[in-house]
Amino acid sequence: MTENMIVIYHNPDCGTSRNVLQLIEAAGYLPQVIEYVKEGWTKPQLLGLFAAADLTPRSALRTTKSPAAELNLLEETVTDAQILDAMVEYPILVNRPIVCTPKGVRLCRPSEVVLDLLDHWPSGPFAKEDGELIIDERGNRVYT
């Protein structure tokens, strides 16, 4: 990964994912955008991302607005291997966005988590789609 290389595993239907992408772009980066719902996942890809982000398949499982409940993946007896298999078959099961930068890999929920992965931020003020301010007029992070 080069110095300014950023990869975002993005779902354009997700407000949090759109906010994170907008933050990255407003900071002057040109990220590689991977629409994982369209492109899908491989097991090695997911295992690598989860290891780098200190996630497990269960902790990365999207439990709302996904087929997780219908697939009985919310039961405590379901193994990480079973969840991983389901994520490969149903990419929407992976929570998003996952962002990779030279500073690390994170599941960026809430959106402002991405700031920890960026060397520089957008000039302020900067607000999410819903109007919540996350960078003030002085360029400082707003903690709520």
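Cβ atoms are placed via backbone N, Cα and C, with glycine included.
Here is what Swiss-Prot records for this protein:
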SITE      HIS10  site 'Important for activity'
ACT_SITE  CYS14  active site, nucleophile
SITE      ARG62  site 'Important for activity'
SITE      ARG96  site 'Important for activity'
SITE      ARG109  site 'Important for activity'
Out of the recorded sites ARG62, ARG96, ARG109, give me the one sitting nearest to CYS14 (active site, nucleophile) by CA distance.
ARG96
Whole-number Å value for how far ARG109 (site 'Important for activity') lies from ARG62 (site 'Important for activity') (Cα to Cα):
12
Nearest-integer angstrom distance between the alpha carbons (Cα) of HIS10 (site 'Important for activity') and ARG96 (site 'Important for activity'):
7
Secondary structure at HIS10 (site 'Important for activity') (DSSP, helix/strand/coil)?
strand
Sorted by position, what residues of the same chain at least six away from ARG109 (site 'Important for activity') have a C-beta under 8 A from it?
THR16, ASN95
Going along the chain, which residues six or more apart from ARG96 (site 'Important for activity') have their CB under 8 A from its CB?
TYR9, HIS10, ASN11, CYS14, THR16, SER17, TYR36, ARG62, LEU107
What's the most sparsely packed of the recorded sites HIS10, ARG62, counting other C-beta atoms within 10 A?
ARG62
